[in-house]
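A short worksheet on the structure shown next.
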Amino acid sequence: MNAPVWWQQLLLAMTGGALGSGLRFAIGASLIQRFGNVFPWGTLTVNLLGSFVAGVLLVWLDARGPSSWPLRALLIVGVIGGLTTFSSLMMECLVFARTDRSTMIGIYLAVTLLAGLALVFAGARTGQWLVTR
């Protein structure tokens, strides 16, 4: 990849990351306001939403070929990367452990991983449907 293209994709990823992080903050704050902070609904929601959308985008953009690389940088690396959060998932598991709710760790991880996997595959099927329309 030549330098101008690399810089272009870096700027697209950074722009998308800012948008995704802002979205994560807004979704998380909204869910805390609605449901309280007893369970990390915000992180679960953004990670599951991101899994589905990543599946859609990966298949849809893959069908567009190499010309889709700028969109991949913006949408997958940037927006979805900024929206989803592995570190928050891990910190929330630590909070569960430190507040004597260790049994929640397994439940939270299982729901996140199993539902995330199901949603990324559902997203891929949706993306394939969009491509073949």
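Here the Cβ of each residue, glycine as well, is placed from N, Cα and C on the backbone.
Taken from Swiss-Prot, the feature transmembrane segment covers 12-32 (among others), and the record attributes it to sequence analysis.
Annotated transmembrane segment per Swiss-Prot: 41-61 (among others), in sequence order.
Per Swiss-Prot, the feature transmembrane segment maps to 76-96 (among others); the stated evidence is sequence analysis.
What Swiss-Prot records for G81, T84 is Na(+) binding site, and it gives sequence analysis as the kind of evidence. The local packing around G81 (Na(+) binding site), expressed as other Cβ atoms within 10 Å of its Cβ over all shown chains, amounts to 18.
Tertiary neighbourhood of the transmembrane segment (104-124): same-chain residues 39-40, 44, 47-48, 51-59, 89, 92-93, 96-97, selected by CB-CB distance under 8 Å and a gap of 6+ residues from either end. Per Swiss-Prot, transmembrane segment is recorded for 104-124 (among others).
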Neighbouring C-beta atoms (10 Å sphere around the C-beta of T84 (Na(+) binding site)): 21
Other parts of the chain folded back onto the transmembrane segment (76-96), taken as Cβ under 8 Å at six or more residues beyond its ends: 12-24, 40, 43, 46-47, 49-51, 53-54, 57-58, 61, 102, 104-105, 108-109, 112
